[in-house]
Amino acid sequence: MDKSDLVQKAKLAEQAERYDDMAASMKAVTEGGVELSNEERNLLSVAYKNVVGARRSSWRVISSIEQKTEGNEKKQQMAREYREKIEAELQEICNDVLGLLEKYLIPNASQAESKVFYLKMKGDYYRYLSEVASGDSKRTTVENSQKAYQDAFEISKKEMQPTHPIRLGLALNFSVFYYEILNTPEQACSLAKTAFDEAIAELDTLNEDSYKDSTLIMQLLRDNLTLWTSENQGDEGDAGEGEN
């Protein structure tokens with residue numbers, strides 16, 4: 001199937017909310033080895049975000065049930081085995097994406113914007129792996145995630161406006177990484193606040209095309225800041241961090 005057919009198939013799959021099919025089509029496009037257009041890049045990102053998001057959500061539900069069944073060995077074992085099955089699926093998806101990033105997407109990225117987009121994606125998928133990892137594997141995935149985010153962050157500060165939705169989305173997810181994975185709320189809040197304040201200061205540079213995306217991410221940054229600040233003051237809040 002040629003590239004334009006695969007892209008069309010991915011769009012059909014998105015309309016039908018069949019994200020596994022959408023991801024398979026966009027994986028095939030990526031493996032063609034040609035740099036993706038912005039539209040193709042977004043299709044790939046949306047597909048895998050939904051595919052992995054479903055497993056992350058399932059994993060959280062089953063992990064919670066597993067903890068609640070302490071004392072009932074049979075139920076707990078069933079929950080554990082099911083969690084491990086979901087975990088294996090999640091790991092396979094993340095490794096798929098990371099493979100595409102390493103082999104095709106990052107090496108082929110000619111623009112700073114694409115490089116930041118893909119390095120952020122690398123940070124995200126190592127973060128998802130770290131959520132279900134333990135021991136040495138946890139340490140490695142956390143380090144890889146932080147390095148990818150940091151590399152993306154350096155480029156975004158040099159090459160992109162503070163109001164650019166990709167730069168803002170990176171700040172959002174990197175701050176969630178600090179809060180949830182490294183458990184460093186001060187760093188999380190500082191990063192999110194700086195990104196928000198810098199964007200506010202340059203609101204006049206907001207590109208009309210990306211106005212909606214940028215303001216939505218700014219809202220998520222502010223929501224997270226509010227939540228994290230209240231949690232650190234001892235209020236019990238539900239940690240429903242917004243992510244991009």
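Every residue gets a Cβ built from N, Cα and C, even glycine.
These features come from Swiss-Prot:
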- MET1: N-acetylmethionine (MOD_RES)
- ARG56: site 'Interaction with phosphoserine on interacting protein' (SITE)
- ARG127: site 'Interaction with phosphoserine on interacting protein' (SITE)
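Looking at ARG56 (site 'Interaction with phosphoserine on interacting protein') and ARG127 (site 'Interaction with phosphoserine on interacting protein'), their Cα atoms lie 11 Å from each other. Sequence-distant neighbours of ARG127 (site 'Interaction with phosphoserine on interacting protein'): residues of the same chain at least 6 apart with a C-beta under 8 Å from its C-beta are THR141, SER145, ASN173, VAL176, PHE177, ILE181. For the residue listed as 'N-acetylmethionine', applying a Cβ distance below 8 Å and a minimum sequence separation of six or more within one chain yields LYS9, ALA28.
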